[in-house]
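Here's what TrEMBL has on this protein:
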DOMAIN    5-335  domain 'FAD dependent oxidoreductase'
BINDING   T46, S47, T188  FAD binding site
BINDING   Y232, R297, G325  D-dopa binding site
Amino acid sequence: MGNPIVIVGSGIVGLYTGFVLAQQDRAKDITFVAEFMPGDQSHMYTSPWYGGNFSIVSGDSDAELEYDRVSFLNLKKIHDQFGPEAGIAMLPSIEYYECDIPSPKKITSLQSYIPDFKILEKKDLIENAIYGIKFTTFNFYCPKFIAFLKQYLTARGATFIRRRLNNIDEAFEFGNKSGVTPIVFNCTGIGAYNLGGVADKNVYPTRGQVVVIRAPHIRENRGLVSPHFETYVIPRPHSTGGHVVLGGYMQSGNWDGTATYGSETASILERTRRLYPEIDDYGRKPIEIVREAAGLRPSRTGGTRIEREDLGQGRVIIHNYGAGGTGYQSGYGMAVKAISLMEQNKPKL
């Protein structure tokens with residue numbers, strides 16, 4: 001039995017961290033301390049609001065490519081074992097690009113593990129697109145997926161405590177068993193901006209707005225990267241009524257996550273209709289809107305922070321945040337990397 005573990009934050013990255021530890025039979029050692037948990041709805045708790053799929057639109061550094069690869073391979077295991085119970089499914093996907101074409105390095109990496117990966121011929125591109133990719137990927141019904149992870153961890157002995165911390169040092173007060181100092185994982189996402197003892201000013205919000213519609217006939221992802229927008233249509237598998245997420249917006253530095261705007265909804269509907277005309281049967285059927293929502297992606301200048309911080313007297317914090325809009329697809333790999341730092345430079349007794 002190792003040190004007790006405290007995970008601060010129960011968004012997707014924190015939950016992935018707990019899940020990976022549970023695969024090492026460490027669930028009973030874990031205490032989650034979080035202001036928000038699965039089932040909550042707050043613009044500061046981004047995880048339920050994601051469209052939720054494994055997309056090509058992510059970074060291409062060596063670290064990011066590895067996080068994605070590790071995540072995809074392990075999501076396959078979750079999918080095969082739990083499937084509908086976890087709110088995860090594999091669906092076809094097409095992504096078009098008017099700009100920001102994926103690098104050859106990224107394409108080579110993706111081709112090594114993503115099924116049915118194909119670069120589209122010019123004749124198969126939509127108007128104004130200069131590049132396109134077709135593949136099979138993972139889709140998440142995000143509220144169900146994070147609820148599943150919490151339930152999985154709880155059933156194996158993990159503890160969840162609702163608490164808002166003013167300083168990361170307070171985390172050491174939890175999970176202290178038999179006088180043994182816990183290892184703390186800082187998975188606070190956007191909260192790392194203001195959290196005492198962290199106050200990472202490289203963290204910033206990327207505001208998004210989405211429209212959730214009822215469209216059970218839509219069973220394929222479509223995305224378009226253009227100079228001013230990222231437009232996407234993402235089905236939510238195993239959702240009651242066949243929900244589909246339409247988006248979106250990528251507004252860096254915008255902290256306004258509490259309101260939705262009619263002009264943005266209108267733009268999303270107009271763009272997604274052009275991208276995927278079958279949404280409303282080529283204009284013949286009205287779109288049934290379930291809800292409009294906004295949220296703040298936990299972005300970070302310089303990318304993710306996965307770093308061990310030794311504070312002395314046996315106190316260790318492992319930072320694991322800054323995934324931006326890629327937490328579902330890179331978070332498992334981030335967790336594996338963060339957990340590998342637990343034994344790094346461990347002091348000799």
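Backbone N, Cα and C atoms are what each Cβ position is placed from, and that goes for glycine too.
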Looking only at T188, G325, the binding-site residues on record, which one has the least crowded Cβ, with the fewest other Cβ atoms within 10 Å?
G325
Nearest by Cα to T188 (FAD binding site), of the binding-site residues Y232, R297, G325, is R297
Whole-number Å value for how far G325 (D-dopa binding site) lies from T46 (FAD binding site) (Cα to Cα):
9
Please identify, from the binding-site residues T46, S47, the residue with the sparsest Cβ neighbourhood, meaning fewest other Cβ atoms within 10 angstroms.
T46
Hey, what's the Cβ neighbour count for R297 (D-dopa binding site) at 10 Å?
23
The rounded CA-CA distance in Å from S47 (FAD binding site) to Y232 (D-dopa binding site) is 17
R297 (D-dopa binding site) -> DSSP, reduced to three states, gives strand
Applying the rule Cβ within 8 Å of the centroid of the Cβ atoms of T46, S47, T188, what extra residues of the same chain belong around the FAD site?
G9, G11, I12, V13, G14, F36, M44, Y45, G189, I190, G191, P298, G327
Segment-level pLDDT (mean, integer) for the domain 'FAD dependent oxidoreductase' (5-335):
96
In the same chain, outside Y232, R297, G325, whose C-beta lies within 8 angstroms of the Cβ mean position for the D-dopa site?
Y50, G51, V57, T206, G208, E230, G247, G248, M250, G324, T326
